[in-house]
Amino acid sequence: MPILCDRRAYRLLWIFCSSYGCRTRYVNSCGTCENTYSPAGQYQSLVPEHFGLSDLTGMNCLVDGNIPPSSGLSSSSALVCCAGLLTLTVLGMSLSKVELAEICAKSERYIGTEGGGMDQSISFLAEEGTAKLIEFSPLRATDVKLPSGAVFVIANSCVEMNKAATSHFNIRVMECRLAAKLLAKHKSLPWKEVLRLEEVQAKLGISLEEMLLITEDALHPEPYSPEEICKCLGISLQELKTQILSPNTQDVLTFKLYQRAKHVYSEAARVLQFKKICEETPDNMVQLLGELMNQSHMSCRDMYECSCPELDQLVDICRKFGAQGSRLTGAGWGGCTVSIVPADKLSSFLANVHEAYYQRSNRSLAPEKESLFATKPGGGALVFLEA
């Protein structure tokens, strides 16, 4: 009995991707499927760990998909989630969507990428017709009704970024971790057990706006050297490298802690503002949401530094031709933008962006349907059984 696993690729995963409470950017977070590890193989350790199994049965799989690799649309997470769901089905076992999302998130870290769990969570918890606010500790998803008079459009910059083959992504994770530790020590918290910026706010019990003020007071805009970080924390360079930094960030010479913390806390605030606007539905709702998306891209570009010239150009083009707001999505350094476009301007928007960005360069060689398209929230991962 063949088993077909399908994840609807073209749906809105996020409008904002925030590292708040998980990894880095949220900023986002798709990788590529071009590395040499086998996602299904990771379940040989994770599934037995969860169920206490041994001597798992092998299986042959045929994989197909339509998500452009390295585009910031969670192609790697789609493959991992598909592999997890398929493995459980073949074994005749079941897990809750939350449990499966957590296992899938853990499996992706086997390749050395310090990712969070937002991609995997939305892959399983998504529901057709509604966006989701994803929160962690514990993992939960809240419906967010998007404006009916606007459409979200994905545009691929055609710049590929392989997270697993570079250190950019993990450096941001470590910068956020170091910023969290310095902020925790500044407020006399037990900094050694702190890993995420969200934990500092939670332990202090204060607002995001207050955390931004503390960041201004506690961290300086100039980059930190490893030696200065050690002095601030009262540890040795060897302790920093072996106890805090990941293997591929141990030779980094400078860390921008102020900028990364400012981005994470302000981005988290924008996420909550976006949800609030969607709930209150003011007359200028689309304009207000677009302004938040524009602010988000500026912060990704200037404070988190995870954009690239092509993404910035594409964002500018999208705004020029009618988008109320546009920003990068995914991990950054390439991949896609997401834009909020008034529904009555969609046709002209698609035509103008296609001509301005794709036809005037060799990007026109990219498949149009995979490079520029309108999207809407779709359902999560499913298994189809054929007799």
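The count begins at 1 with the first shown residue.
Even glycines carry a Cβ here, placed using N, Cα and C.
All TrEMBL annotations are machine predictions without curation.
The domain 'GHMP kinase N-terminal' annotation in TrEMBL covers 49-125. Taken together, the residues in the domain 'GHMP kinase N-terminal' (49-125) have a mean pLDDT of 82 on the 0 to 100 scale.
According to TrEMBL, the domain 'GHMP kinase C-terminal' annotation covers 287-358.
Sorting each residue of the domain 'GHMP kinase C-terminal' (287-358) by its DSSP state yields 44 helix, 11 strand, 17 coil.
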